[in-house]
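Q: Please see the structure below; I have some questions.
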């Protein structure tokens, strides 16, 4: 069959531009006489086929298809557009006026709402409504170029819903849609992929002779080449590609995507005759068999649940003893909270099935015997875990270790999938199990077993949810000609109905119950939660479940026929799946609107409130007999908080007692555990980290502005070095230190307080209350004592629960190879995505972690290991040789600590960081047993810490020689102690003051120590306030002064002297700090020239919109996110809630912008230094980890890392970064203006008054500042015009702003002529930032020879 010919027809039509209303997604038409009518010229359109077309098959002719092949010339331009994140869409806040930014974000909000509704309708098979939504999306002007992706989503769903729809009719439908409904939209390669997939499914009974011409025709129509069609693996399955290559032979291996080509080349799939191609029904059967647990129909009952082979049913108990992951280690006595039970359930994803054990036993190595020395069978009852770390270390050769790691990586892929995607069914099954057991015993006392209660709630809530879903489906399936006749409930159902029908009702019940229980004591209200937080949390949890299911379902479909089990082939499949997942997660840009989340959450919570009851008992006041009854478990009401009326959900005290008031459980999520395989590398801003959960490079909270800049930088390739550094952090493999864990678990299970671990305490013991007629001072003292005890009890319980989490996770990962994926905060600082257990945690967390890979100590490694122990004991300001001597003088203590950590002298507990010291003692003790210590294989991370790293950056920025010396940038024989130096300066100041008779100085002068000032010196550089510093110092003085008020008074006095001493020592640093603060203040109070009247209140009071933005040396754009919040009102079943609107363009918070810039700028520099160092260490083959300004590697690699740290710091500061920042600010905020004050009596003021009077006459009204900005904007446009005539006109224009252009020192002008509020008048001044402070003489290159820069 020949390719259809093209005729060129140019049609001109009058189209009325239809816009999206700012109030929502309703479409409105301009009036007929509106100027919005525009002319559109269409490109060539296919109207027929070549007369020479053949009819090869005798059935299919070229006249039958493909008629939709129109506008071919411009088709390429359309396919490069991908769906964007909500915050990316048409929003550049610094290239548009305030009004256009608001309009753009309004349209973005509308598009996002339409997108999410389109997706929901398609998933619910509401095809007619989906098509009407497509028509609305088509009418958004800015969205036209990306509209084909929306249409493709619709077309794909249409194909799936009716796989038997004839291909020729499918072709006619596509042609009609693109020619009639969406005239100026071009198909792309994904459209062709959908048609090919449909053709393969429809022609399941057609011979290859009939099918081949159809496929060939579509392939010839490719826009960007055939490979682009086959890259759509979310449409074309491996089976499809196998048929096209091996059966129809219409493609060659070279035309396949790189990710799947090795699979199809190395695998001959089970021959699939063309007349037996699996249709959609068959696909559904396969999916039901393989993933029944995750991909059930939405009306499936709980009894139909099947457990995937990778995830044996593990029951999560919410009362009593919870099943714990089997490990060859002592079980931990858990804090009895629902949070702890949830996390234990999650960790069961690490357990091994008999099939997996059998798979491990078949690992092949060069060793004679199987390394596991086990022959598990499917009936094996031995549940002891396998210690992969011990296996790895037992292998004698490097080759065997590499082979083991390769096999382990393939093996762990499936385990990682289970770990990230543990569903809700296990919880539901456990509730059912406990209920039936209690029923069998005749014991339904819900006070004894919370699970029984939860199962009753679940069973009573499930019919209500199903009934609501049926109502929604019924309403959505009706043809509603007039929505005005609907009541309010049904009108709301039309909005949230398509979303509510997406998830299995049983799952929604479980998620609702778990979310509310997890929100207990974390919802912002004592014994309850804020309603707004509750409804949003439940709605978002439902959405996340849907997203997770979609990724798994797509992967299951694409790879459904791949079942070959050789390790080599599995590796190819895992690689292909990884690429596929990345693609799918990147494409998942649709977010449900907050209003939909709120409504879904409120519907489900209101149903739970209706059925959730708790048993209560009381005493009859007459008979004094005990009586029993039921009370609601949750109650909705209102309370006042800080003067505001809040809607709250209160939890009954009976339920509170069972939940034990746990505080941290809300954040326990299976996706947030360490990983068993290497994280997905960061290659763009929205793809990296976990494999099945989307993460973004920056942790942002509803800040489209940040994301817009980040996306632009990523697309331009500006932040590749940031990705390089993050990927090195993520690729570092870890494991749990078994010896430290055994000691911690012994301490934990005793329940006694030990070091920073508080003891177990079930009840709060309060002192007896004094008589009511006691002296007020006695009552006040008692209340303060009670408050202190209550706060400590709450804090200790919180800390104990947090420790419990860490230990449970550590226990589950014993013997495992684990990784920590990282991303960044908005300043560029790196943090692990797994929050509960990582190397950024407390001392215990760090002591529990060691590197998976070991390295020989070598000549210098032993020295650095000894230095490391000395540092952990707080002797980090001694010369290196003295630190080594400290360790060598305590060899017997080290031996005793390692061999008798709890029964010996416990010397290790006297360290500043005891758990890390114990880990180092264990390692050093093993080293001392060896004949040649240099041969010892070390796994212990050794740290190199900066000396008040923020001050190091400030000293380098300001060229401050004295400051640089105090923070070890200058070479010296011994390390400088900046904290001790500041303490000496403060003491000298107090001694002078005491001599002059200052009583406070007399009392304090002998009490100033390094410890008193350390925290304040450390945080001063990061912008600590006077009040904050006062409390820091008060904490250090509290052991000296018993009276709290006295301690606070002395602290206020002392803080002034500490601040003055720091400023004296780091003079240049403080000048830079002042310059940063002043620059931020001016920027946040500035106005763009293209701002319009809508951004002014009464014409003279503008909303200040300018965030402070800068670019780090690594190209990462930093946007300070401090803006005023705007709230949106949403009516729900429970109450009207106010939710944040992420698409609103709000004024900046000028105070926070100013206060934030100095610390944030320094943070962005230390983050840049870390990422540069990480990338370079990765290139040199080092295992590298970082805790902000503390860098870790193997002892033997410390010397190499130290060279890298110094070279990268020099590389960073060889450029004058303050001057670079000033130049960036000048360019970024060029032509901005600010409001200033002038005395009316000055000559300049009189000139401005005359100009304003002249403008007023022309305008026929009073002139506003908005008018003055408008005319200055016109002047700038004329000056920048390419036409000389325009430029001449611009040069002759005089505006109120142009009068100040020749005045060089505007600051002096304002200072001299400003006047007060009454005598001054407001004027517009050009924004000019202050000149940067002069730079000192310090040469940063000298730190190459400073051995104490990091040590």
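Any Cβ shown, glycine's included, is placed from N, Cα and C.
According to Swiss-Prot, the record shows the following:
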ACT_SITE  945  active site
ACT_SITE  1014  active site
ACT_SITE  1189  active site
Q: What's the CA-CA gap between residue 945 (active site) and residue 1189 (active site) in angstrom, rounded?
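A: Residue 1189 (active site) has its Cα 6 Å from the Cα of residue 945 (active site).
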Q: So if I measure Cβ to Cβ from residue 1189 (active site) and keep only same-chain residues at least 6 apart in sequence, which ones fall under 8 Å?
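A: Expected: 945, 946, 949, 950, 1166, 1170.
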Q: Tell me which of the active-site residues 945, 1014 sits in the most Cβ-dense spot, judged by other Cβ atoms within 10 Å.
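A: The most densely surrounded of these active-site residues is 1014.
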Q: Sort residue 1014 (active site) into helix, strand or coil using the DSSP assignment.
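A: Assignment for residue 1014 (active site) reads helix.
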Q: Helix, strand or coil by DSSP: which one applies to residue 945 (active site)?
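A: In three-state terms, residue 945 (active site) counts as strand.
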Q: Tell me the coarse DSSP state (helix, strand, coil) of residue 1189 (active site).
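A: DSSP call for residue 1189 (active site): coil, neither helix nor strand.
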